[in-house]
Amino acid sequence: MRPARTALWLRLAVALGLALVGPLPVGWSSARAPIYVSSWAVRVSQGYREAERLARKFGFVNLGQIFPDGQYYHLRHRGVVQQSLTPHWGHRLRLKKDPKVQWFEQQTLRRRVKRSVVVPTDPWFPKQWYMNNKVQPDLNILQAWSQGLSGQGVVVSVLDDGIEKDHPDLWANYDPLASYDFNDYDPDPQPRYTPSDENRHGTRCAGEVAAIANNGFCGTGVAYNARIGGVRMLDGTITDVIEAQSLSLQPQHIHIYSASWGPEDDGRTVDGPGILTREAFRRGVTKGRGGLGTLFVWASGNGGLHYDNCNCDGYTNSIHTLSVGSTTRHGRVPWYSEACASTLTTTYSSGVAADPQIVTTDLHHQCTDKHTGTSASAPLAAGMIALALEANPFLTWRDMQHLVVRASRPAQLQAEDWRTNGVGRQVSHHYGYGLLDARLLVDLARTWLPTQPQQKCAIRVVHTPTPILPLMRVRKNVSACAGRANYIRSLEHVQVQLSLSYSRRGDLEISLTSPMGTRSTLVAIRPLDVSGQGYNNWIFMSTHFWDEDPQGLWTLGLENKGYYFNTGTLYRYTLLLYGTAEDMTARPSGPQVTSSACQWLYEASQKPSTCGCSPRPRAPRVQSARPGPLRRSFGSSHSPGIYGSSGAAQRGLTP
């Protein structure tokens with residue numbers, strides 16, 4: 001169906017209130033018209049019994065809790081059509097009138113695409129050029145392994161289309177507690193097999209993280225002793241409930257969630273997580289890992305061909321996710337890469353067809369050397385982060401982001417937009433702070449002292465309608481909440497929340513300049529985005545001001561970069577600063593040998609040693625790797641690492 005006919009069909013269906021009983025029309029996008037399904041998310045404060053009473057009263061089936069605390073429940077009504085262009089107003093009114101219902105939302109389909117670029121199959125570690133020192137600089141993983149680190153005791157879950165849990169290069173590291181099938185609601189995340197093998201994405205990502213070492217099969221995962229799980233959630237109907245449940249699976253057991261998906265990378269979509277998924281992120285970073293915070297590693301997106309910008313993706317531009325971009329073997333920007341201010345770091349992937357790609361596990365117990373896109377970059381970063389967590393299990397989610405900033409290097413990465421920010425760090429919209437270095441990351445992790453609590457300072461800059469000029473600057477002098485409990489001395493994330501109308505949204509370039517002179521492009525021109533809807537309370541995010549002092553004059557830039565005369569109105573603009581009261585620039589720039597009095601030493605009672613530092617939350621148990629025999633087959637239930645027969649670690653040994 002052609003796009004014009006699709007739009008006409010949708011408008012006609014909406015006007016007639018028609019239900020969709022068949023597959024969605026070709027070209028449908030969640031940004032164009034919501035498709036309502038037969039399930040609701042409902043919040044009640046009285047617990048499970050009240051949710052059951054409510055379900056029986058209104059004819060719902062209670063599918064259970066969304067979060068463990070028993071306030072949010074997933075309800076389904078068998079009498080409602082599975083897909084409809086209009087919400088069910090009868091149930092809406094009944095739920096609204098019930099005094100025990102605090103909040104509810106009929107679920108809508110959310111279009112999510114897997115961020116892969118290429119296809120086929122084939123193997124081996126000599127082909128893993130990004131790990132085996134065949135290119136310089138590589139990701140420096142061999143040097144991290146030489147310290148005896150392999151991801152031992154760290155649990156990673158890949159949120160995707162499932163994981164082939166019996167794969168010869170995965171099964172010994174497979175963790176059923178870190179796995180679930182939210183498409184069919186059963187504990188088995190095995191992918192659904194099809195003639196086109198379309199559901200290979202999760203298995204490929206899992207192998208990058210934790211493929212077994214030295215078993216004579218395929219290649220080696222970055223964290224080859226980590227436990228690996230998979231969540232099947234992309235192979236079916238996707239709703240806010242399913243995304244929230246996937247991101248909330250076993251938050252005290254899973255340390256790292258790796259996600260290589262998001263809204264369509266088509267250069268015109270502006271979409272992000274729903275209410276429940278945003279709540280899942282918040283709960284993850286505040287309660288996950290015993291209060292240290294879950295680590296969400298996210299692929300930045302593959303919309304470069306369409307001039308897309310990952311700041312229009314509310315997952316990868318969240319402050320709670322660690323956004324990872326890609327570079328080629330030759331240090332160039334890949335054709336699919338999206339440039340945006342929310343990207344924090346970069347790992348390798350492929351570029352043009354002649355470039356080598358990523359080696360990993362594939363469906364049907366096979367291997368492939370054809371994995372690519374930012375889909376391939378995020379799991380490599382997740383594996384390196386697992387090595388850092390093994391080195392220091394007490395790192396918080398914010399500690400890890402600080403470490404990643406410091407362990408990323410511009411190296412030989414080629415781009416015209418490299419700039420030096422106000423604290424002397426080079427940063428790029430293509431690469432963030434550069435290529436992630438595993439050895440530097442684990443070295444920094446070992447001696448890192450905890451970051452002070454996160455502070456948030458919100459400044460309302462514009463709250464009355466203001467016409468948008470062809471070239472417009474909005475300036476605001478900011479104290480960064482000085483003299484208050486939430487004072488910020490050193491920045492981490494900076495958000496700009498905007499509500500504006502614009503006649504052709506993709507023509508509007510938006511930038512932000514800090515008091516220290518760092519200019520960050522929040523969104524560049526997107527030629528395919530012809531929407532006249534503007535931005536409605538959309539939050540842009542930049543990491544380019546990391547560790548800068550936020551006090552002083554901030555400048556928001558709005559500029560018409562298109563060929564058309566555009567008009568618009570700026571309704572609201574709020575500047576949101578996140579950071580800490582500590583002067584982070586006073587910290588050493590590299591790994592240091594700290595005195596024993598100021599290291600985090602814990603006894604069995606989990607009390608810190610007398611170092612004058614406040615106690616930290618209890619960390620999930622992460623065991624260090626222990627020497628063991630050389631693994632030569634996949635017949636063992638454990639993955640002890642790369643060791644010689646004597647039991648001593650052979651440092652720098654190539655698998």
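Each residue, glycine too, has its Cβ placed from N, Cα and C.
No curator has checked TrEMBL annotations; they are predicted automatically.
On a predicted model such as this, the values are computed, not experimentally measured, just so you know.
Per TrEMBL, the features are:
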{"type": "ACT_SITE", "residues": "Asp160", "note": "active site, charge relay system"}
{"type": "ACT_SITE", "residues": "His201", "note": "active site, charge relay system"}
{"type": "ACT_SITE", "residues": "Ser375", "note": "active site, charge relay system"}
{"type": "DOMAIN", "residues": "451-583", "note": "domain 'P/Homo B'"}
{"type": "REGION", "residues": "608-655", "note": "region 'Disordered'"}
{"type": "SIGNAL", "residues": "1-19", "note": "signal peptide"}
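Annotated features taken from TrEMBL, shown on the structure.
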| residue | record | Cβ within 10 Å |
| --- | --- | --- |
| Asp160 | active site, charge relay system | 32 |
| His201 | active site, charge relay system | 26 |
| Ser375 | active site, charge relay system | 30 |
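In this structure, Ser375 (active site, charge relay system) is part of a helix by DSSP.
His201 (active site, charge relay system) is 7 Å away from Asp160 (active site, charge relay system) when you measure Cα to Cα. Rounded to a whole number, the distance between the Cα atoms of His201 (active site, charge relay system) and Ser375 (active site, charge relay system) is 8 Å. Looking just at the domain 'P/Homo B' (451-583), the mean pLDDT is 98. Counting residue by residue with DSSP, the domain 'P/Homo B' (451-583) contains 3 helix, 72 strand, 58 coil.
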